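Working notes, beginning with the structure itself.
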Number of protein chains: 2
Amino acid sequence: MIDKSPETPFLVVDLDAIALNYLTLRRLMPQARIYYAMKANPAPEVLSLLAGLGANFDTASIFEIHQCIAAGIAPERISYGSTLKKEKDIASAYQLGIRLFAFDSLGELEKIAAHAPGAKVYCRILMNNEGAEWPLSRKFGCDVDMAYDLLLHSRKLGLEPWGVSFHVGSQQTDPTQWDKAICTTAKLFSALKQAGIKLQMVNLGGGFPGKYRAETAKIETYINTITNAMHRYFGDDIPEMMLEPGRSLVADAGIIQCEIVLISQKSYTDNKRWVFLDAGIYNGLSETLGECIKYRIRTPHDGTEIAPIILAGPTCDSADILYERANYQLPVNLKVGDKIEILSAGAYSNATSSVGFNGFPPLKAYYI
Amino acid sequence: MIDKSPETPFLVVDLDAIALNYLTLRRLMPQARIYYAMKANPAPEVLSLLAGLGANFDTASIFEIHQCIAAGIAPERISYGSTLKKEKDIASAYQLGIRLFAFDSLGELEKIAAHAPGAKVYCRILMNNEGAEWPLSRKFGCDVDMAYDLLLHSRKLGLEPWGVSFHVGSQQTDPTQWDKAICTTAKLFSALKQAGIKLQMVNLGGGFPGKYRAETAKIETYINTITNAMHRYFGDDIPEMMLEPGRSLVADAGIIQCEIVLISQKSYTDNKRWVFLDAGIYNGLSETLGECIKYRIRTPHDGTEIAPIILAGPTCDSADILYERANYQLPVNLKVGDKIEILSAGAYSNATSSVGFNGFPPLKAYYI
């Protein structure tokens, strides 16, 4: 517990809320194995909470794997979900007991075969990320044709072709995107079955939303869409399912407390106030880059008259503008020193802080 | 010295090169006071080198001021150059002996008056940043009309109206931008003189370039343009000049050593290779955001046949794509494990690293 409010900015994360989110997801989809995408918030407090509740872990690097192992998480509960791994990191992971690896290219498959012999591998297929507020389309995955060949090839390399993964994009606002992806995946399963390979697992990725400014469907709607699609496209032969929630478990559990440093105008004809906070893209709010994630903001004057603003962070860097085109409005009688709350800020916030750009320390975080 | 090359990625900074850049600038413009914009690279090694050579320091936060004081730099050599300061930080700086403060708004001026009575203040005016590869235009500065009123007002508040600052944008490729800014500044000096205020100082900002992919004019060209403009617009009554170089002192002194983690294609019809490095926007290459800064890249196969690539970093985040539209080409026979050098990477690189997003540690740096 925090006795006295520390100096802003800081993040407060409610661990009970994370537990509830995890247990809700498990209840809604008991047949899926949940792998927490720990990059969203890798705090030891979050890891040990979720480990205690039985979660598995999706890791993005050997460093995250080391963190999991250090937290006492057994290697069979860890997936090495990055499709970009150094050979020595694959070897280290294998030595630590990790047996589940993602890939999306021939080069990666060959590295895994060389350094993790016999491991289970799953191929990430490329999805277009329509409807996602933080799209992931271009960088990860390969075409289905190529995935087919690579999964066939994986067996020749002595690996166990285990499944297929996709990711419909982070903060995906359109649940039907899973339907499309599952349809594609089922066809790939079927084609490989005809070629003598029986895949065992569909990794449905992450993408479930946090509560930002725009309304999104409820988690139940997402799960229903997914469950229905699995039945529709896989019939009675439903494979093991992996889910990789990150944002949806931790985002809504966190609030960034910050403060107004300055309110100003650039000219006498300026019709928008500039509001400067002590938190910005380099110390907790990197997801506002490109104005992608539109946080809900609470002020001490909510309910009073509002007017348009431009919101910016504290550094001497012009990239540190949070919202300029997203039509944010805040109360007219905001003043310097007012405490501001950035809601649903538990994901990709302190984890992406800079080491201290402009001298500002990384966003502090308190887990209660 | 580094005996054995450490594991990539890492930054190596040649301190002699920084010293040479500083001494060159001082030789070319002996009449100006040089304030190193330490946000570009705040390493203690860089601070003590430049402090020893007689530099002054432009700081962006109270934290940077503390760093300077801890390095033994006298407060009269420090400018608090941020236009966004908390009241308590102004008070702390004043208590530490800082007497030179930037502002660009009434709100900031009133805070300075309250917590740094009698201090010298300079007003930042808004410039359009045409020609800058990392523009700074929108966030800082106010219109000249407003600057006039605020500088007048500063005296009523018990402050010493000291000067005017502007910034033509970081990595400014067009030296004539200073001519325009100095012209505007001289008119403002003259208008204030008629109102009974004799300003003493022009802060010419930073913006001198590093050597990236596009050719830029030599530093001599920039200095000549500035010197000529000062004479043209101020005549015989040239005020004190401040320069705030950051990038131009440290960028070319640094090289990021990294490694190719994967080379892949997304489909059989893909005509571009994806090349993935172990350094990306979260661990050293944040200035590639929006493909603004286009680094020169050295490979072990330079001089052999090249072909288009997309270059990306190591995290499971799609924002971590370095160059996709900037038409980079690299040798056809690049392979996984090849060592790659990112040249002129001494500025805004390790300083902007994340604390460990996706588990990847902040970019290590070696100062030799």
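From the backbone N, Cα and C atoms, a Cβ is placed for every residue, glycine too.
Here the Cβ of B:Cys316 (active site, proton donor) has 26 other Cβ atoms within 10 Å, regardless of which shown protein chain they belong to. Summarising the annotation, TrEMBL assigns active site, proton donor to B:Cys316.
What TrEMBL records for B:19-251 is domain 'Orn/DAP/Arg decarboxylase 2 N-terminal'. Averaged over the domain 'Orn/DAP/Arg decarboxylase 2 N-terminal' (B:19-251), the predicted model reaches a pLDDT of 95.
What TrEMBL lists as N6-(pyridoxal phosphate)lysine is B:Lys39. Neighbours of B:Lys39 (N6-(pyridoxal phosphate)lysine), defined as other CB atoms within 10 A of its CB across all chains, total 28.
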Per DSSP (three-state), B:Lys39 (N6-(pyridoxal phosphate)lysine) is helix
